[in-house]
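What follows is one structure encoded as structure tokens, with my remarks underneath.
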Amino acid sequence: MPLKKAVYPGSFDPITYGHIDIIERGLKVFDTVIVAVARNSEKNSLFNVEERIALIREVLGDNSRAKVDTFDGLLVDYVRKQGATVIIRGLRAVSDFEYEFQLAQMNRSITQEVETLFMMTSVPYSYLSSSIVKEVSSLNGPIDGLVPPLVKKALDAKFNRS
């Protein structure tokens, strides 16, 4: 039986406990989850791609079933090149659904070889986003419980706090 691979794409700027929750739950369904960090020049990122990859790898530790990679261009092309058949997307609220639905339908119109699997975020993370974490952190607000300690430390360094 072939191994089932899924791709979990995003900017992960920075990775949060919400992202980690989706990755861990994805690993219960798939043999391998590829965390694919988007090289998106249109987004104004706090962490560069290499920093985001390093944080994700450190957070995931030595889990051999979770891979970290980058991609640019069409997501479905990347998914096919990886030999994966599923894109995992996390949904926090109804407001996420319409945008994610449109992306899934567009991907489906490009290729029917790739499915999109929506995973509802766990309740404690239903409001959580990287943008909220960055904003609260930039104002020296508490982000404990939102990101792992090493991510908090990296955010403190970005905002010149030690």
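Just so it is clear, glycine is given a Cβ too, placed from its N, Cα and C backbone atoms.
What Swiss-Prot lists as ATP binding site is Ser11, Phe12, His19, Gly90, Leu91, Arg92, Glu100, Tyr125, Ser126, Tyr127, Leu128, Ser129, Ser130, Ser131. Long-range neighbours of Glu100 (ATP binding site) (same chain, six or more residues apart, CB within less than 8 Å of its CB): Arg89, Leu91, Thr116, Phe118.
Counted within 10 Å of its Cβ, the other Cβ atoms near Ser11 (ATP binding site) come to 18, all protein chains included. In the three-state DSSP classification, Ser11 (ATP binding site) falls within coil. Annotation source Swiss-Prot lists substrate binding site at Ser11, Lys43, Leu75, Arg89.
Long-range Cβ neighbours of His19 (ATP binding site) (same chain, at least 6 residues apart, Cβ-Cβ under 8 Å): Tyr8, Gly10, Phe12, Gly90. Among the features that Swiss-Prot reports, site 'Transition state stabilizer' is placed at His19.
Here the Cα atom of Lys43 (substrate binding site) is found 18 Å from that of Leu128 (ATP binding site). Counting other Cβ atoms within 10 Å of each Cβ, the binding-site residues Ser126, Ser130 show the lowest value at Ser126. Classification of Glu100 (ATP binding site) by DSSP places it within a helix.
Listed in sequence order, Thr16, Tyr17, Gly18, Arg92, Thr121, Leu146 are the same-chain residues at least 6 apart in sequence whose CB falls under 8 Å from the CB of Leu128 (ATP binding site).
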